[in-house]
């Protein structure tokens, strides 16, 4: 039986689920950009792209050279195709305007070009996260600049979401709202090939991912829940749990997606003015769509992430996502 490439899968989705052709083309362009980023990441020190770029992004985080390069790759790949009304990135303060010499399209692309880049110098898996929204008709113009308000849509409005993970293999994990598919990059063919069909998160688990060094700064419901996990078989949950933490959201969530578990990044008492660490629009929303499409759950502890009405492009939220049973338990502790 012939292998199913990403292009073939997307064409079949156009036939069976009425996926618009321009969305199909957009996903293919994003995938090509991810292949280019994968190539740069794999060069490591040989490519001269490791280390700091000597600048900070809008969050005040030091930008790595590969952050900047990955951002440029995604912008240049997507700006000219006529599928997008605008783009937004973790690495840019404001929305990216499609140059006037190119036509505009119906969609908005929001992305974290290189998630986990603080790990790049030590050769740990990193990735690209992206979200696709429709541009509201009221915000669309071929001639005028696109405002931030066009992007401020709840995650339920996403028409596609995905991530690429650059590890021992390069994988693209994608949802168009009809389940979650995993594609592995065949470097000989130069194509992403369908290798993981209809990914599902196990409902019950014995793994969790959280940065335990921050434990003293967590809110009481998180302290309670993690305490119960650590209590093991003798504790109230009646089983032993393993903790894993890579400090790369793509890598941590990919493990949760394939093996089950719960990923947690709660709010932190050291920064009471910030609701959390992870960004809603281009980290929490796309990952939540993927996890929910795979049968899991994703909340802030008090609210379903996909139902949050964004207030700003770089808004932060606490995140609890993964196996439904565990997410519902910790969410219940917050609400009780």
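Every residue gets a Cβ built from N, Cα and C, even glycine.
Around residue 114 (Mg(2+) 1 binding site), a 10 Å sphere centred on its CB holds 32 further CB atoms from the protein chains shown. As annotated by Swiss-Prot, Mg(2+) 1 binding site applies to 90, 112, 114, with the evidence given as sequence analysis.
Secondary structure from DSSP puts residue 112 (Mg(2+) 1 binding site) in a beta strand. Among the features that Swiss-Prot reports, Mg(2+) 2 binding site is placed at 112, 115, 283.
The annotation substrate binding site is assigned in Swiss-Prot to 115, 116, 117, 118, 211, 277 on the grounds of sequence analysis. Listed in sequence order, the residues of the same chain lying 6 or more apart from residue 118 (substrate binding site) and placing their CB within less than 8 Å of its CB are 64, 247.
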Conformational class of residue 90 (Mg(2+) 1 binding site) under the three-state DSSP mapping: coil
Candidate nearest residue 283 (Mg(2+) 2 binding site) in space, where candidates are the binding-site residues 90, 112, 116, 117 and distance is Cα-Cα: 112
For the Mg(2+) 1 site built from 90, 112, 114, further residues of that chain with CB within 8 A of the site's CB center: 67, 70, 71, 89, 91, 111, 113, 115, 117, 128, 129, 282, 283
Environment of 112, 115, 283, the listed Mg(2+) 2 site - residues of the same chain whose CB lies within 8 A of the CB centroid: 90, 111, 116, 127, 128, 129, 163, 249, 250, 278, 279, 282
Cα-to-Cα gap, residue 277 (substrate binding site) vs residue 114 (Mg(2+) 1 binding site), nearest whole Å: 16
Intrachain C-beta neighbours of residue 211 (substrate binding site), sequence separation six or more, cut-off 8 angstroms: 245, 247, 265
Structural state of residue 277 (substrate binding site), classified by DSSP into three states: coil
